[in-house]
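Remarks on the structure that follows.
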Amino acid sequence: MIDLTTTLNKLHFKTPLMNAAGVHCATTTELDDLLDSQAGGLVTKSATLQPRTGNPDPRYANLPFGSINSMGLPNQGLDYYLNYANATALTHPDFPILLSLAGQSLAENLQMLERIQASAFSGLTELNLSCPNVPGKPQIGYDFDQMKTILTAVFQTFNQPLGIKLPPYFDLAQFDLVADILNQFPLAFINTINSVGNGLFINLETETTVIKPKGGFGGIGGSYVKPVALANVRAFRQRLNPAIQIIGTGGVVSGGDLFELILCGADVVQIGTTLAQEGTPAFGRILTELERIMAQKGYATLADFRGNLKTL
Ligand code: RRO
């Protein structure tokens, strides 16, 4: 018997998989598909106070080993997702729900957090500090002073469990600096990584970019980014207070990829590009592959190997 359950703060997951924010979670139809899948929980598309249409098409493309996107934060507005979450808590009381927020200013983020706090919301809130695709808006996660300012203000306002979505970091000094800031706050979790921002993919034949916004620059996901995701989960697990849990996101195509992210320390794992490409059956396939690997290795629970990466 293999036990795939896991816990994130107050929420209990039947399986460790969720969608990654932005994929298959923009409408109630897509969100209902997640409820009916093998996902252990769901997160809603990063929300702003008002609905946004996002960037012009084409704004997502599949690539040989992943994807590129510059969606530009298209979403139905916070109330749409908050109403969905609160209605679903009544029909599916045991299904974990995360609300993702991506306000375009500190004031907007605080206003959204106040709305959540004033509502019956019983899930977890994730503040996205790493959207790479809004023209003229740098990723907050790369501005350490701004990140500290935001977290200070947010924790003065919000008294419910909160996590943050981080961009990938690429230098050990950055891991040290960011972890030092994050350890000063009562974060419930971090989610690492968002897409690798501002990559460029080119169609050799037509000599053009493959997406239209921002001159073709966009966030890279899928197999291209798995080593970056593994490194970020591992580096933060080594540096963060044990009370701060980790959602690992990036490059999970197989059960082996899922196993590796948990081995690096992930408590929950999110699927982005693979969900976009295969739809919700991807969850069941990846979990079956994970179970086979665990059975072969003689592991009965995720805790049997979580964080246990060995080095040479
Ligand atoms: O909507 C997007 O363009 C987007 C967002 Br908010 C994000 O956080 N990450 C991403 O790859 N795309």
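Here the Cβ of each residue, glycine as well, is placed from N, Cα and C on the backbone.
Predicted, not measured: the structure shown is a model, and the values here were computed from it.
In TrEMBL, the FMN site is described by Lys45, Ser46, Lys165, Ile193, Gly222, Gly250, Gly251, Gly272, Thr273, and among Asn83, Asn86, Asn109, Asn128 the residue recorded at this site is Asn128.
Residues distinguished by a CB atom under 6 angstroms from ligand 1 are absent from the binding-site residues Lys45, Ile193, Gly250, Gly272.
Of all the recorded positions in the record (Ser70, Gly72, Cys131), the one with the smallest CA separation from Ile193 (FMN binding site) is Cys131. The record gives Lys45, Asn69, Ser70, Met71, Gly72, Leu73, Asn128, Asn194, Ser195 for substrate. Within 8 Å of the mean position of their Cβ atoms, the other Cβ atoms in that chain belong to Gly22, Ser46, Cys131, Pro132, Asn133, Gly219. Sequence-distant neighbours of Gly272 (FMN binding site): residues of the same chain at least 6 apart with a C-beta under 8 Å from its C-beta are Asn19, Ala20, Gly22, Val23, Ser67, Ser195, Gly221, Gly222, Thr249, Gly250. In this structure, the CA atom of Gly72 (substrate binding site) is 12 Å away from the CA atom of Lys45 (FMN binding site). Candidate recorded positions: Lys45, Asn128, Cys131. Nearest to Ser70 (substrate binding site) by Cα distance: Cys131.
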